[in-house]
C-alpha cells in the first residue's frame, strides 16, 4: 500500500507527497497537529492540514525570515519571534552575535514538544541560553510590550485558526509600540498567486503604521505556488540600504547578501499588489 | 465525480489539479499530448504527463525566456526558438521591434495545432508575418545553421523523449556555430531542488563552449518546486551589464528591468551548482 499526503492549497490545486509513516497525530488545544515522514522532504510538520516545515526545505523560510531584518538593523540585541514553535527562526537568529536575547512566544506548546522530538536539527537551539521560550498568546504578549524589541518576526500559520488576529491592523499597531524607536518587523504574508488580496491588505495596513514598508519573496517548494512573500515594516532602517560592512559571514544555504537585495525585486504582478 | 490530474514531479512528490474536462488527448508521433481544462489554471497543455504550460501562469516562463537574452543583445534581428510549439516565447519575442524574423522549429506539429485551438492567447502570434514556423527536428536545424542567429532560445521538454539530444554538449556546440559572432542563447534547465545534477552538468558543458555562462531563475507554480532555472551562453554580451537605455517599455506581467538583474542573484545552494 502506498500512502500519499495531499494538501489542497486551494479548492482546486494542491501538492501530494508519498508518506513513509505517520510519526504523531494529535488534536491540540489550538489545531490539528501531524508529524509525518515523507520520502521526498523528510519529516514534515503539518498543522490543520497545511505543511508548516520540512527537513529538506525548511532552511529557505527560516533564513529569509531572520537574516533580512537582522542584517537591516545595525545592532539587533533584543529579538522577538511570534509563533515559530519549530525553532527554525530562532536557530537563524542566534547566528547573529549581536543578539543578546531572543524571545519565542508560541501559543501551542505541542508544536514545540513535537518539533524537538522529530525535527531536532530545526528545534535544537530552543535550549540555547540566549533563548527564552514562552508558551503564550503572541497577540497578548505584543499588547503588553512597549519599547522593548529591536526586531520582531511573525512566524505564524495562515490567517485562519489561532493566527487570525495576527493579520490585523491592531496587531501591527501593537508591534510598532513593542518595538524600539528604530525597530523593524517582518511577517510571513503568504503567496501572490492564490492570496493576492491578503498581500495587498497587509501591505496597505502596515504602510499606515510604519514609515517604511517593503515586500520581498523567497522560493519554498512545499508552500503554495512555491513563491512566498514577507512584509517588512520599519521605523527607520531600510533593508535596501544596508552597508556592505554590515554583512558578516554566516553559514546559510539560501540567503546571500546579493539575494538580500534581489529578493525585493518583485515580479510585475506582485509589485502591483503594493500600490 | 471529481477528476484530478496529478503529475508526479518526482517518484514521491507531485502536484494535483482539479479538472473540469479533457479537451483533447492523443498519442502523437513523438509524445503523449493532453489538453485539459483545469479549475485553478485554466487550459493546461500536458506532454508525456508533464505540465508544459497553463493559461494562468504561462507568462512567467515565456517572458523570462525571451526578454532576458533579447534585452541583453544590443540589436537582435534574427531569432530562433527551438521547441516552444505553444507559441508563447514567440509572442514575447515579437514585443521587440528590432526583431525582423523569428523562426520557430518545433518537432511536433500537433503541439502547434492544439495550442492554436485551445491556447489562442498564447499561440496567436504564430500567424504573425515576422514569424516562420517549421515543423522539424531542432537538433538537425541547428546542425545545418551557421552564423545565422542573434539569439537562440531552447524551449524544450525535459531531457527524456524527443528533447533528449537538446541537453548534450554537441547541441551546444551546434548552437554556438549557428549564432553570429556576438550571439547569445538561453535554455530552460529544470529546477535545483530535484534536478541539481542536470543543472551542474549543463552549466559546465555550456561553459566549455561559451565565453560567458550564467544561470537565472523564475517562479513557475506549475513546474516542479516552483523554482525554474535558465542557462545562458553568450559569446560577448553580459546579461548583467545591460545599459539602462537598452531597456524599452514592453507590456509584461512578470519581467521588469530590476527583476532582469535580480534573477541572476541565486540562492546559495543554487549558486554552488555553478562552481
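Any Cβ shown, glycine's included, is placed from N, Cα and C.
Automated prediction, rather than curation, is the source of TrEMBL annotations.
Since we're looking at a predicted model, the values are computed, not measured.
Reduced to three states, the DSSP call for residue B:155 (active site, proton acceptor) is strand. Annotation for residue B:155 (active site, proton acceptor): same-chain Cβ neighbours under 8 Å, separated by at least 6 residues, are B:65, B:81, B:82, B:83, B:84, B:88, B:89, B:188. Summarising the annotation, TrEMBL assigns active site, proton acceptor to B:155.
Taken from TrEMBL, the feature S-methyl-5'-thioadenosine binding site covers B:31, B:106, B:137, B:138, B:162. Cβ neighbours of residue B:31 (S-methyl-5'-thioadenosine binding site) (same chain, under 8 Å, six or more residues apart in sequence): B:47, B:48, B:108, B:157, B:161, B:162.
Residues or ranges marked as spermidine binding site in TrEMBL: B:62, B:86, B:155, B:156, B:157, B:158.
Residues annotated as domain 'PABS' in TrEMBL: B:2-235. As a whole-number mean, the pLDDT of the domain 'PABS' (B:2-235) in this prediction is 97.
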Integer Å value for the Cα distance linking residue B:137 (S-methyl-5'-thioadenosine binding site) with residue B:86 (spermidine binding site) is 16
Residue B:106 (S-methyl-5'-thioadenosine binding site) falls, by three-state DSSP, under strand
